[in-house]
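Quick look at what Swiss-Prot lists:
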- 11: active site (ACT_SITE)
- 130: active site (ACT_SITE)
């Protein structure tokens, strides 16, 4: 059985990590390379860099950053945010990103999923889906959760797999930032619809929440602030999960 993965998410703006971190032993906690290296050393299985820089002219900064990260880090890393076309996705992968995460662009141009998958393999394409409840149905939202697409979550999950996605990054807008636990109802809803790995996102606040996500059917759990502010220690989290019967990677811890 494949080990369940713990993923840290870093928001990057103009080549710097924002939203703050609380690591005293880092010279510069705003440096994505240093922070990424640190995370890889303490047992995080994968990293997601989310480029929240709005402007296209800053893309060069992200490309240079990806190159530096690829040189320094030996765990898989995904880059997302602002990827609207094949050229951008392609450049990021060629510079060293293991995977790219696409969200709004995938909804607006689903053939982009297929194009990236056919060129670089399905494992390089993560489709990020932001969903929330509307009148009792899970609906897909784009533009950072602002626009209701009118697409049912169940339909979109099936389509992204057909189109060649390798993974689904499932964020519950209702839970994001609440620290009240992952949306296990949403995870359970999506699980039977796809054979793709599901990364649960939104709501991590304590170790039990990770266990709940895995028991609900998630293959990986992503979190940000609980790691950045050391509210959860990665080693302790993995030991806790193992004790509760979850297969996690402990080598190097």
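Each Cβ is built from the backbone N, Cα and C atoms, and glycine gets one as well.
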Residue, out of the active-site residues 11, 130, whose Cβ gathers the largest set of other Cβ atoms within 10 Å: 130
Integer Cα-Cα distance in angstrom, residue 130 (active site) to residue 11 (active site): 16
DSSP-derived class (H/G/I helix, E/B strand, else coil) of residue 11 (active site): strand
